[in-house]
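Features of the protein shown, as given by TrEMBL:
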TRANSMEM  94-116  transmembrane segment
DOMAIN    297-530  domain 'Ion transport'
TRANSMEM  302-319  transmembrane segment
TRANSMEM  365-385  transmembrane segment
TRANSMEM  464-481  transmembrane segment
TRANSMEM  493-526  transmembrane segment
DOMAIN    572-801  domain 'Ion transport'
TRANSMEM  572-590  transmembrane segment
TRANSMEM  724-742  transmembrane segment
TRANSMEM  762-782  transmembrane segment
DOMAIN    1003-1290  domain 'Ion transport'
TRANSMEM  1043-1065  transmembrane segment
TRANSMEM  1085-1106  transmembrane segment
DOMAIN    1339-1586  domain 'Ion transport'
TRANSMEM  1465-1485  transmembrane segment
TRANSMEM  1553-1573  transmembrane segment
REGION    1805-1849  region 'Disordered'
COMPBIAS  1830-1847  compositional bias 'Low complexity'
Amino acid sequence: MSKRLRRASLRVVNLTGHVLDNSIRIPDEDFDDGEYSPTQDNKGPFEEQWNEEQVSFTRKLSPLRGRTLCFLESSSTFRLRLYRFLSHPWTEPLILCLIILNACVLISQASHSVLLPSGQSMPTPQRGFFFAWEDYVLFGLFILFTFEAVARICVSGFLLDPEVPISAFFASSISPITSTSTSRVGSSASSFLSRGLSLRFFYDRISRPFKLSEATPSRSMPDVVAGPNNLPHDVSRQEKQAIVDEPSSRAHLRNPSQPTFFSCALRSDQTPPDAISLPFRLNIDNARDKVNRNIPYLRQSWGRIDFIAILSFWLSFALDMAGVERGSHHVAAFRAMTVLRIARLLAITSGTTTIMHSLKIARPLLTNVAYFVVFAATLFSIIGIQSFKGSFRRNCYLQPTLGENQTQISHFCGGYIDPSTLNVFPYIQLDGTPGPAAKGFICPLGQICQEGDNPYNGIQSFDNIYYAALQVVVVASANGWSPIMYSIIDAEFFVSCFFFIVCILVLNIWLINLFVAVITNTFYAIRADTQKSAFGAAPLGPVVEEREEGWLNGKHVSQNNSLKEFYTNTRWCWVFLALASLVVQATASADMSDLHQQILDKSELALTVAFDIEIIIRIIVELPAWRRFFQHGNNWLDLVLAVGSSIIQIPAIHNSELYPWLTIFQLGRFYRVILEFPRMRPLMLTVFGNLYGLVNMTLFLLLVNLLAALVCVQLIRGDMPDSIALNFGQLWTSFLAMYQLFSSENWTNVLYSAAAAEIPLGQAVIVVVFLCSWLIFANFIVMQMFIAVINENFSVAEETKKSKQASDYWAQQHPQRVMHNSWTRKLNPYRWIKADPVRIKVENLPSNLVLPIQKTLVQDYGVIGKDSRNGPVWNPVQLKGARHLPSKSLTMLQQLFSGTTSSNDVPLVALRQSRRESTAVQDEETERYLDILANGADATEDDHDERSERKAQKADFIIDHPTYDKTFWLFSQEDRLRNMCQKVVKPAGGERLFGTPPSDVAHTLFQLLILLTVLGGIITEGVATPLYRRNYYMEHGMVRGTWFNIAEVAFGVPFLVEFIIKIIADGFLFTPNAYVKSIWNILDFIILIGILVNLSFTLIFVSGLTRSIHALKALRALRLVTLIENMRNTFESLIISGATRILDAAILAILYLIPFSVWGVNIFAGLMNECNDTNVQGGINDCTNEFVNTIYGTSFGYLAPHAWDNPSPSTTFSFDNFRSSMLILFEIVSLEGWIDVMTVAMSITGKDQQPQVDVSQINAIFFVIYNLLGGVVILTLFVSIIIGNFSSKTGSAFLTQPQREWIDLQKLIKRQKPSKHPQTRPTQPFRGWCYDRAIHKHGWWTRMMTCFFVVQIIVLMTQTFTVQVAVAKFQDDFSLIITMMYVVDIAVRFYGVGWRSFRANGWNLFDVVVAGGSFITTLVVRFGYMGFVVEQLQKLFLVSIAFKLVQRTNSLNQLFKTVMASLPVILNLLGLWFILFIFFAIMYMEVFGLTKWYSAETHTQNYQTMGSALVMLAFMSTGEGWNQYMHDYTLAYPRCTIKADGLVETDCGSTSWAFSLFIAWNLLSMYIFLNMFTGVMVQSFSYVFQSTGGAKAITREEIRSFKKTWAEYSNPKTGLLERSQLVPFLGKLNGIFEVRIYPTEYSVSSIVSTCKDIQKIVTKKGTEETTLNPRKVNKVLRKIDFDVIRQRRAVYCRLFHEASVIESHGEGISFTDMLFLLAHHKLIVDRDALELKDLIVRQGTNKLVSDLVNLDRVHSLLKMISLRRRYLAEREITLNAQRGKLLFGVINIVDDDLMGIVDIPAIQVDPAPSTPPPLTRDITSPHSDRGRSDNSPSSPTPSPRTLGPSPEFNAWDHSFRTSLQRSRRISDVSMLSADMGHGYWRDNSLDIGDQADIVSSMQRSIWGGMLLVFKPRRLPDFRPQRSCSKLQKRMLNSILLF
């Protein structure tokens, strides 16, 4: 059997487990075949162990187990035979062949065209199934498929696991099925008992039988199966379980994302949370484990699909035989679903299998994003119903005048003019009554506005939630939304456009881009984890640079090959010939002469021969190693092009109709020209570097599109007439229609035409749902995967990222000065003037102060574009004077114009100084270590000295050349006027060395004046439009002093004044801070010149002379960019920084267009012309004379001349020459209008022949190929480049996956704020009840209110156009009740937590506004005034209630926060975009404001006003119809008029202006700005990390638990955690943040409760105490894992000491700092997650913490020894006292505490040096003195609270303190636990290994050698006596130390 067939069958059929294709990437070839052969160095675990034995293992079915179908036992003969059949080696290949045969039969069946006959309105009913041979084959195939399904069901089971009995449905909830289910049921039962009203109990009982058995395979198989590497699978499984299982410490929290009943019942692949992070071998073992379990049929993804297909076939067969499927109504859905059987062929190749696996990994995230998008779309749908229901029903109707019927005009309206009174009347409703008010478009005289049916057979409307949702989907697709918007504007008000614009911004530009972010980030994670492309099974490898042809790499090639040298020297000649070949063909046109044609043929023949000779030469130069020629891809490509070009020169082929298509071989040579462009070669290699992945993605797209096309053929074929081009009558037209939906261009045409055909047949709903679903999947997901493919090539290899970070860090720390020889420096005359300064003799000058005068004196003046406004301000000048002005207003204005001057990063030196100044008693050791860390900043002192040196050089140069710093050689630095000017403006090119610094107040106020001037000019232009000015001049005459001219002068003069002030202050050209040294000043100067030119011509010539002069007014809008700091930064970072790469992409796109343009001319030149009379059936000879044309239907006919011209379905185009061909291809590369062009091409019948629909369907191949390569690849290239620019600008391009995850985790942490709930529960009963309701987020009250909100949304969704009065009143009453409950809920929460806590939560303020507004407006509408404004406010408030679900749903809340995190960047981008909107709107108004309307313009779609121009630009930004308007505004004489008598007036357009403005706006807005939003979302999207990375456990419940603990221990006044509360706070943490040394089950209280005996004894004081069982105690203590405890103890100690170090000025630690601290110790690995610069700082902090920990371990060791000796003495005393003998000491009882006063020898410690050795630390505990009480835990070392310090301990402490001259404090808590004593000694003896660690730590620290090392004695066994007294508990606390 073929190995390829075996592997393909394993991927497609996969009888073993149906999960291998999701986890194992099975290659198409053997490793030795060369196609998939990873090197030995790059082989992963899977490649190392892959062999034929593993193939047979994965194909081998596990032994039978359990009972299937309730009666087939594992020993059943029938079941065993079926098992042998399925496990036969030929079964899978046979089924694969049957599936392929099924696909071939379906394709053959769909290739026959079946259309609705022209004379019929309904298809002819049919009865029966067998009409063609394909039907018989399908019938036989599905019999076999049914047998296969039955066999698999009998072997593996149907739905339930074979080992799960049916009785499990009725079993008690506590009866275990497996160990796993037992634990889950137990936990759910306890949860049920604790909550009382939980449904988890019932859910577990129902879903338990559907859980797959986790038992091992049958006993007939060995327990441990060794793989090819002899590794037992059980070990890997245990390792996998350790990775996947969640910590048990989080069991107390509620999991908000638990699977539902149906997901458990029907999902076979319950993917673990971190399946992405599973190693490859573990992933394989996971698959094998599922194979061994023999998953039931319906528990497999493909099994469910097969079941649906097979069941649908038999249902379709039954309906066909009964005559129901194609009767009066069609039921073709079941027939369509039979196509799903061949969906398995999507896994036919390893590449497509990998893509599906990648999509499956991204599925959870895509689903969550889809939920959020659906939620937002639902809100927009509800708003649409409330605002626009019935709007599409209103149309203008032409009244009959000549006896014809009333004619409906497709123009929506809101009123009409009464012919008798000439007054405006409202529209007429369906019942004949007038509407409430007139609005929107008013129908002119002779027409009436009345309601009728909705357009497109009632589909286009907002009359109910279904139609409204459909319109929202159309708007979200950004195609076909502008006609809906303008229709609503005509029917309602112009302000209605904001609904659609906001919908586009939120859904398409904002939320839909989340799909791009999910796919890009998830596929990046897959690639980083598996080291393989997410689009192919091939491993990733470094890109090999291409070497030039003819390189020497073999022993057979000689260095002196003359032929090779000749070819190398003539390489440019061959490139020139390739260019000449294309240029020659580009001269072709539709009307070229025969001589021209002959010249083309001869030239191409000669060029073909030349390139054949070149190929021969290239083969000869490789001789005798000629095989080397075929080892390079470019040689293969050139050989194919040469052979193909030669073959098509054969006369039979050259003279055929196929020849124009085959010219692609000749045009393909142009790729060599593209590669010769300087920057195109690396870009081409980047775009097509992952060609394997790109081919796989293209194949996947074509396969999925084919599958959807087959479904539509079965569903719709035969229901549509032949007058529609894409009519689903056959497979090709269906394929094109599905591809049209994929591109989303005019997809509503396909939707409405298909739905209109299916409405009378009853299938409209199914068709609409399927087409919309396909659009969402194809356009929102599959299209975005192309972005991920190309973006994969732009990513940096993981192994090179850290080296890049290191080099960047080194470059930042050691910057190299770059000399910029700018034109200002070259032209500076002072460089050539010899200075003669006054010399002063200075003796004994230090050598380090001598400046190197020989250096370039004005070297840094060449840095143009580095404005001081963008640099950091280290010492911001405080606002002085003007105290009467509000300081907050000035600060806000200063931030607006100059940005934020403060920084969150504080230098360590400043931190050290502030700590010393603010704290009286500080830890000197910590301060000394901060000194050491601060010395790390000394590396920058050299840079500081260098800057100071350069400043000194500047100063010397200025002193040497006194006139250099005089502006215009007049104004010196002492001049008063210049000083005044310098206070107003900031300098360019750096700070001023001499002169006056700018005043913050004066500069801010002056900037405010300029801002108001700019806004005033924009407002003036918005009012005084060209149409307004023309009417004004016509009314008042040619007046020069009009108000708008005066306003323009007034708003233009301040710019001139600003320029004069700046050049007086700092000079213009050759001065230290010249005006031209700032790029923003240069832009301001250009704007000023434009404004002055406009003002001059306007004052001289009243009309401004030309439209070009008036267009200069738009430049003033660009001043907003230079004025506002955020706009400057955004423009610089997004536009300027990436301009080069964007320009490269544009050049590549143009170069890509050139060969396709020539190819289009060769194919379609002269073939697309048509007659304007559609009734002409012949050709050009029949298109003569005149014909009767009508306006509406058959009425109002008039004679019109016949014309044979280029087609113009939406825009006029042709392929008659290279220019027109390139123009139309450029237009359709934006995916706009390409369907119209393709439809025309499909209708070609021949030269000079009238086209007919779908005659030449083959011509569509050209446009599909062009669209796929151009519209998809080129557009996604722009997106990828912009994403790359964002990555480079933000630094994320060189971040590894852990570093990206850490950045995302930082964003998550920064968004968190501490809870403001009161610390204590109120004592009043009612307020306490209210408090409980407010803080319990999952209590019954919160759930009840959530249910109310959901019901309210459902009620809003029930609104319709035809609603009855009673129903409307009920809806209002119900809304009133809901709002009343909402108000009550707010009152309860407000009263419970108080105003301070209530207002701290923004959601509460939202509740007050929404609830109050809803309640008041609902009352007014229900019982009072029915005004328009009040109704709209009520609708707004009621819809706003739905946002409460965002707060209460974890997934929505998390996504909402993620989206809001990107809001600042998006707002900045929107602001810059809006400035460009204003700029282009003014340009369009001035240029085209008076142009006559043509084919697409209306009273709302024009450029006559600012509002209409902005809306036009908005919808053209999405690519809607921009090319049609561009051609309309090329209107020229004689189709327009030019009038030049006094007032220059014309209604003509301008070809140059039209092409320039429309193309510029298309490139800037659609290609750049829209894609920038995609880049922002991809870079800001952190939800991927939160769900799949290291922080997946940080759920909302974890954060809430942390906030609750924080609120309990933090200072309520400062919000900080004080040091005294640090230990109890750490002890209270749980979940992912748990830092206890001992788990809860090993705490002292837990051990005591577990080990106590039943009997009780009475003490002398009469109290009862429980005794401890020593055996139980020892048994529990022996269970503790030493290694785990040591790790937990190390984390706790480091966490404690670091928290002590970073506390702010001794006041406490902040909420965010504590979260970051916990993240460092619990969630990330610093070495992997931190960037190099952060890691260096972090290592310094770790060194400090390590020293503090080592010191504390020394303290703890000594203290433990002292306490141990006291314990031994006290125990001996107690034993002797019980025997009646007193041997040592006397027992003193004070406060029921036993204090030992015994003579224990003190521990001798050598005196430590007063000064530590160099580079070391003598660190002791801070904040203590001898007399201080033990309340401040400086150390986490515990000591029993009741045991005071012994004399020995005090003596040691005194000597130690004396030797170091330090004070210390004695802690009353343990280093080992936050819950008072979580430790023990194993075997009741000292752990020598642990002591060795302590001694080693001491030796590594500065304390090494200072202490006398001693060996303590063994601890006796712990044997508590009869009573568990306080003494025994203290003993236990003392024992549990280490």
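Just so it is clear, glycine is given a Cβ too, placed from its N, Cα and C backbone atoms.
Automated prediction, rather than curation, is the source of TrEMBL annotations.
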Exercise. What residues in the same chain, six or more past the boundaries of the transmembrane segment (1085-1106), come closer than 8 Å to it by Cβ-Cβ distance?
Worked result: 1033, 1038-1040, 1045, 1048-1049, 1052, 1055-1056, 1059, 1075-1076, 1112-1113, 1115-1116, 1118-1119, 1122, 1543-1544
For this session: Would you kindly list the residues that approach the transmembrane segment (365-385) from elsewhere in its chain, counting only those six or more residues past its ends and only Cβ-Cβ distances under 8 Å?
Result: 359, 462-465, 468-469, 471-473, 475-476, 499, 503, 506-507, 511-512, 514-515, 518-519, 522, 781, 1353, 1356-1357, 1359-1360, 1435, 1439, 1442, 1445-1446, 1451-1452, 1455-1456, 1459, 1583-1584, 1587-1588
Problem set entry | Result, the transmembrane segment (464-481) in contact with the transmembrane segment (762-782) (3+ CB pairs under 8 Å) | yes
Exercise. Which residues, given as numbers and ranges, are at least 6 beyond the ends of the transmembrane segment (1043-1065) yet have a Cβ under 8 Å from it?
Worked result: 967-968, 971, 977-978, 981-982, 984-985, 987, 995, 1006, 1009-1010, 1013-1014, 1016-1017, 1020, 1023-1024, 1029, 1032, 1075, 1081, 1084-1085, 1087-1088, 1091-1092, 1094-1095, 1098-1099, 1113, 1116, 1119
Seminar exercise, completed: One stretch in 493-526, 724-742, 1553-1573 has more Cβ pairs under 8 Å to the transmembrane segment (94-116) than the rest, namely 724-742
For this session: Looking only at the domain 'Ion transport' (1339-1586), report the model's average pLDDT.
Result: 84
Seminar exercise, completed: With the cut-off at Cβ under 8 Å and a gap of six or more residues from its ends, the chain residues touching the transmembrane segment (302-319) are 14, 18, 129, 138-139, 142, 145-146, 149, 152, 266, 268, 296, 325, 331-341, 343-344
